[in-house]
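K.L.:
OK, TrEMBL features for this one:
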type: DOMAIN; residues: 19-111; note: domain 'Ig-like'
type: DOMAIN; residues: 119-209; note: domain 'Ig-like'
type: DOMAIN; residues: 215-300; note: domain 'Ig-like'
type: TRANSMEM; residues: 324-349; note: transmembrane segment
Amino acid sequence: MLSVAGTKSKGKGSQGQFPITQNVTVVEGGTANMTCRVDYNDNTSLQWSNPAQQTLFFGDKKALRDHRIELVRASWQELTIRIGDVSLSDEGQYTCSLFTMPVKTTKAFLTVLGVPGRPEITGFTKPAMEGDVITLTCTTSGSKPAAIIRWFRNDKEVHGTKEINATGKSFTVRSSLQFQVDRRDDGIAYTCSVEHVSLSNPYMTTEVLEVHYAPQLEIIHSLIIPQEGQYFKLECVSIGNPKPEPVMWSKDGGELPDIERMIVEGRELTITTLNKTDNGTYRCEASNPLGTSSAEYVLFVYAKDFPGPTTDPNALGQHGPDHALIGGVVAVVVFITLCLIIVLGRYLARHKGTYLTHEAKGAEDAPDADTAIINAEGNHVHAEEKKEYFI
């Protein structure tokens, strides 16, 4: 990798001009070409000197005994030298001199990029136990400028803490991740990526976690509605690290009653021909060094050709309707209905009383019985009208 930047020149004629140089950037271990030229020269020599002001070449004459430095081109208008196997100590300000009166000089800065070392991940001892707090540390040395470290959990970037320490002209960079592991971390790849201007592609290293955890079991059944005469299989699916072994099957707390029809192969229990005597609770159990786990399945065998329920009885037991909630809703509906009946009854009773009172009005104020009867009959007519109104 080689880049150049910046030029410098002044005036025309060998007495008034300055040498023209370019800054150079090179990767450690690479080769740097340092060029000094002038537009006009009347047989005046050019010279290159290093940051320590030691003369490297005076014209085509080598002045410093260093096998890494060699002449590329020497003429009255150009002096180009090559520095091979560049190291960080070569970095600095180089001087090109044009030996006029007075001597004209121009500086060129040589920048050397320190290549980071391959990253290493430390701090993890396999295996980790579920619940442990672990720290992963990624380290790279020798970079200049300081390298950039990035962490990835599988393909997703995660962020760690960074530490940079200078060692001479180069840097050592560390980045750490601290977290508590659980079973979801088992088999997860943590990758440390080192990026640097001297690299065309990042350096990467990966640590795959191994986490041990207690077993967890589940029973899977082959038929939703098992019926007499059918072939039926139960599988004990287990997760755990180390793998839970062996799987033990039992029925209603005891051994399997019919080993001729109930065949155990590894994690599977097969009943070749179902009948009513197979009803009961089947249990599988497995262990690893971190614990023991079990799972149960309630088997009910239906009569042959019986349509049976539309849902799995085991699933219904786990996810069936909430009877308490349904009962509460029914109670609320009944209560509201009773309240409406009571209110309606009181309303009808109140209006019925008013109707009878008006019907008798007039009879009480009559001077004699005949008048009272006449008044009552007149009010009775009005009462009939009121009845029609209320209806």
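Going from the start of the chain as shown, residues are counted 1 onward.
Any Cβ shown, glycine's included, is placed from N, Cα and C.
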K.L.:
Do you know the DSSP helix, strand and coil residue counts for the domain 'Ig-like' (119-209)?
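P.N.:
DSSP classes over the domain 'Ig-like' (119-209) add up to 3 helix, 57 strand, 31 coil.
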K.L.:
Please count the residues of the domain 'Ig-like' (19-111) that DSSP assigns to helix (H, G, I), strand (E, B) and coil.
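P.N.:
Counts, helix then strand then coil: 3 helix, 50 strand, 40 coil.
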